[in-house]
Each structure stands twice: as C-alpha cells, then as structure tokens.
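*Asks:* What TrEMBL records for this protein is below:
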{"type": "ACT_SITE", "residues": "GLU90", "note": "active site, proton acceptor"}
{"type": "ACT_SITE", "residues": "CYS329", "note": "active site, S-methylcysteine intermediate"}
{"type": "BINDING", "residues": "CYS110, CYS114, CYS117", "note": "[4Fe-4S] cluster binding site"}
{"type": "BINDING", "residues": "GLY157, GLU158, SER189, SER212, LEU213, HIS214, ASN288", "note": "S-adenosyl-L-methionine binding site"}
{"type": "DOMAIN", "residues": "96-324", "note": "domain 'Radical SAM core'"}
Amino acid sequence: MIDLKSMTLEEMGAYLKTGGEPAFRAKQIFTWLHRGAGSFEEMTNLSKALREKLAAECLITRPQVARKQVSALDGTTKYLWRLEDGNCIETVLMRYHHGNTVCISSQVGCRMGCAFCASTLGGKVRDLTPAEMLDQVLFTGLDSGVPISNIVLMGIGEPLDNFDTVLRFLELVNHPEGLNIGMRHISLSTCGLADQIDKLADYKLQLTLSVSLHAPDDETRSHIMPVNRAVGVERLFAACRRYFETTGRRISYEYAMIDGVNDSDWQADLLARHLKGTPGHVNLIPLNEVKESPLKPSRRVAAFQKRLESHGITVTVRRKLGGDIDASCGQLRRKAMQEG
Ligand code: SAH
C-alpha cells in the first residue's frame with residue numbers, strides 16, 4: 001500500500017499523473033491528509049472513481065490514543081499513541097504563554113543508550129515514517145482542540161539517526177498547503193551525532209538546534225552517553241561551531257543536572273571554555289528520576305548556573321511541566337510496556 005501522507009506534494013502529483021489525474025488533485029489530497037482526514041471517502045471534492053482507486057492502492061495512517069494523561073498541575077497532556085503495527089510512541093502537549101508546543105517522537109525506542117533516559121531502555125524497535133511524525137502534530141491538535149504553534153523534536157528517539165525521514169517531516173509540516181509551521185517555531189534535539197550535524201547545516205534551516213551535552217569532558221560524557229565514545233567532545237563542539245557559522249543560528253545546549261556526576265564547578269568552567277567564541281546558550285534541566293537508573297537529581301543547579309554566568313554564558317533553567325504524569329522521555333511507553 002502507498003503511504004501518500006509521507007509524500008511531498010510533488011511526489012503525490014507524480015503518482016496521480018501515472019493514473020491520468022491532473023496535478024491540482026495532488027493539492028486537494030495533500031490538504032485533506034494534512035487536516036487529518038481518516039479516509040478517502042471523506043474527500044468529497046474528488047470523483048468517486050478516484051476515491052475508490054486511492055482506497056484500493058493507498059493507506060492513511062491514523063494513530064489510536066492508547067493512553068492519555070492530563071497534568072492537574074499545568075495542563076500538560078501526554079499521549080501514548082498506538083501505531084498501525086501495534087508499536088507505541090509518546091507525544092507531549094505543553095501549554096506556554098508563547099503558544100502550544102508539541103514534543104514529538106522520531107523513532108520507536110532509541111539505540112543511543114544514554115544512562116539517564118527511559119526511552120533507550122528497550123533499544124530501538126524501528127524508525128518512524130514521515131506520516132507518523134506528522135500525525136503526532138495533527139492528531140494532538142485535533143484531539144486536544146488547541147492550535148499547535150511550536151514543535152520540538154525531543155520525544156522518543158534520536159532525530160538525526162532517522163535523518164531523511166526527519167528532513168521530509170520538516171518539509172511537510174512547514175508546507176503552506178499543510179500545517180505551515182515556521183522553521184523558527186521548530187526545535188530539533190540531538191545527542192550530538194557530529195557528521196549528521198554537519199549534514200544538517202548544509203540545508204541552512206532556520207530551526208533551533210539543541211544539543212544534549214550533559215557533560216563538557218570526555219570521561220563523564222562517555223560514561224553517561226555512549227555516543228560520545230565515537231564522537232568526543234572536541235569533535236562535537238567543532239561541528240557545533242561549523243553549524244553556527246553555516247546557518248547563523250545559535251545552538252542551545254541541554255544539560256541535565258546529575259548529582260555528583262556533571263555538576264562540579266570545574267565542569268562549569270570547562271563548559272564555558274568550550275563555548276567561548278560561539279554564541280549559544282545553556283539550558284539546565286533538573287534531572288527527571290528514572291526508576292531503573294541510579295542517577296539522582298543534582299542539588300547544585302543554582303550554583304552551577306551562577307558559575308556559568310560568571311563566565312558570561314547565558315543560562316536558563318528548564319521549568320518542570322507535567323511532573324505528575326510521567327511526562328518525560330519514554331516513561332509512559334515504558335510503563336505501558338511493563339503493564340503489558
Ligand atoms: N535523542 C535526542 C532527543 C530526545 S531526548 C537527544 O538526545 O537530544 C530529549 C532531551 O531529554 C535530551 O536533552 C535528553 O538528554 C533529555 N533527557 C532524557 N532523559 C532525561 C531525564 N531523565 N532527565 C532529564 N532530561 C532527560
């Protein structure tokens with residue numbers, strides 16, 4: 001079956017042309033799919049014959065709500081979606097003053113192995129398709145009834161490990177005939193795959209790149225993030241500098257504060273040294289405890305922030321949302337898997 005929703009408008013046009021349909025039909029179908037249409041039958045501006053042909057040859061993905069948890073504290077909503085093949089992924093809807101943000105997954109599971117992250121505990125099952133990424137934005141908007149203005153690729157999975165799909169998703173979600181979400185309203189978070197950061201830079205997208213740094217020295221970083229053994233801090237920062245020079249976009253460095261692991265003053269000093277000369281800012285994240293992990297939240301967040309600021313670094317501390325609903329990476333999927 002053909003997955004039309006994963007196609008660009010041009011590809012859809014080419015597919016329709018083989019059946020003798022005019023190009024403007026592609027636009028009609030594209031619009032229907034990007035509004036969340038669940039069947040070809042609903043596409044009433046297409047002929048019955050075309051609708052039947054499409055239904056015979058194509059599928060329309062539509063995730064089912066497997067679980068939904070709404071935070072009583074701040075309205076943060078976490079969706080556990082069941083995909084066509086039974087796999088589950090998570091999407092989080094966060095309500096901010098500057099707009100509603102969805103945090104979406106890019107893979108079923110993850111193979112990066114970060115010691116503090118629940119998403120990676122069962123490894124990677126498979127990559128998501130462009131349609132499955134788009135569906136998270138579409139159906140979170142439709143189910144919650146709130147308009148979505150921002151997207152962060154910070155859910156389950158490593159986006160740059162599913163590179164082509166993620167690029168296509170960005171093209172689709174940014175499309176004027178679709179959801180039309182501007183690149184400046186999109187953030188992509190990576191554990192730091194340096195080669196892929198280089199590759200991404202060449203597209204000169206105006207999105208925000210977040211790098212999950214979590215430690216400024218190789219010993220600590222390799223200990224908590226196995227990916228660092230192949231990349232290394234020097235190479236990662238070199239890629240970040242090139243990224244800024246190519247795109248003109250400041251990088252945001254994510255830093256989850258872990259007790260006794262990455263929260264010393266010397267690490268703040270080293271981090272500041274790495275960042276010298278490249279504009280960027282540091283986002284300190286209070287660690288969310290994962291019950292399978294011995295790592296504990298740091299008690300030095302404010303001190304670490306001060307130390308960084310003393311070097312002239314811009315630092316923010318992430319506000320915790322959805323603390324009552326397993327809202328951080330992979331926790332709800334994990335729970336559902338354990339409960340069968
Ligand atoms: N693979 C991508 C995106 C998914 S993780 C990446 O690594 O960036 C999204 C962010 O949540 C990353 O910064 C990740 O390091 C962080 N994170 C994962 N588990 C966490 C935890 N238990 N507490 C705080 N932050 C966590």
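We count from 1, first residue shown onward.
Yeah, the Cβs are placed from backbone N, Cα and C, and that goes for glycine too.
Note: TrEMBL annotation is automatic and uncurated.
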*Asks:* Hey, what's the Cβ neighbour count for GLY157 (S-adenosyl-L-methionine binding site) at 10 Å?
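*Replies:* Neighbour count, Cβ to Cβ under the 10 Å cut-off: 30.
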*Asks:* On a C-alpha basis, identify the one among GLU90, GLU158, SER189, HIS214 that is nearest to CYS110 ([4Fe-4S] cluster binding site); the candidates are the recorded positions.
*Replies:* GLU158
*Asks:* Give me the Cα-Cα distance between SER212 (S-adenosyl-L-methionine binding site) and GLU90 (active site, proton acceptor), rounded to a whole Å.
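*Replies:* Per the Cα atoms, SER212 (S-adenosyl-L-methionine binding site) and GLU90 (active site, proton acceptor) stand 19 Å apart.
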*Asks:* Could you round the CA separation between GLY157 (S-adenosyl-L-methionine binding site) and CYS114 ([4Fe-4S] cluster binding site) to a whole angstrom and send it over?
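*Replies:* Pair distance, Cα basis, whole Å: 11 Å.
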*Asks:* Taking just the CA atoms, what is the gap between GLU158 (S-adenosyl-L-methionine binding site) and CYS114 ([4Fe-4S] cluster binding site) in Å?
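*Replies:* One finds 11 Å between the Cα atoms of these residues.
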*Asks:* Suppose we screen the recorded positions GLU90, CYS117, LEU213, ASN288 by Cβ distance to ligand 1 with a cut-off under 6 Å; which survive, in sequence order?
*Replies:* CYS117, ASN288
*Asks:* If you count, for each of the binding-site residues CYS110, CYS114, CYS117, LEU213, the other Cβ atoms lying within 10 Å of its Cβ, which residue has the minimum?
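*Replies:* Ranked by other Cβ atoms within 10 Å, the binding-site residues CYS110, CYS114, CYS117, LEU213 bottom out at CYS114.
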*Asks:* List the recorded positions among GLU90, CYS114, CYS117 whose C-alpha is within 10 Å of the C-alpha of ASN288 (S-adenosyl-L-methionine binding site), in sequence order, or say none.
*Replies:* CYS117
*Asks:* As a test of the contact definition, list every same-chain residue at least 6 positions from HIS214 (S-adenosyl-L-methionine binding site) whose Cβ is closer than 8 Å to its Cβ.
*Replies:* CYS114, PHE116, ARG221, ILE224, MET225, GLU254, TYR255, ALA256, ILE258, ASN262
*Asks:* Averaged over the whole of the domain 'Radical SAM core' (96-324), what is the pLDDT?
*Replies:* 96
*Asks:* Helix, strand or coil at the residue listed as 'active site, proton acceptor', per DSSP?
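*Replies:* In three-state terms, the residue listed as 'active site, proton acceptor' counts as strand.
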*Asks:* When you measure from the Cβ of SER212 (S-adenosyl-L-methionine binding site), how many other Cβ atoms are you left with inside 10 Å?
*Replies:* 22
*Asks:* Which number gives the other C-beta atoms within 10 angstroms of the C-beta of GLU90 (active site, proton acceptor), all protein chains shown included?
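*Replies:* Taking all protein chains shown, GLU90 (active site, proton acceptor) has 27 Cβ neighbours within 10 Å.
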*Asks:* Hey, how far is LEU213 (S-adenosyl-L-methionine binding site) from CYS117 ([4Fe-4S] cluster binding site), Cα to Cα, in Å?
*Replies:* 13
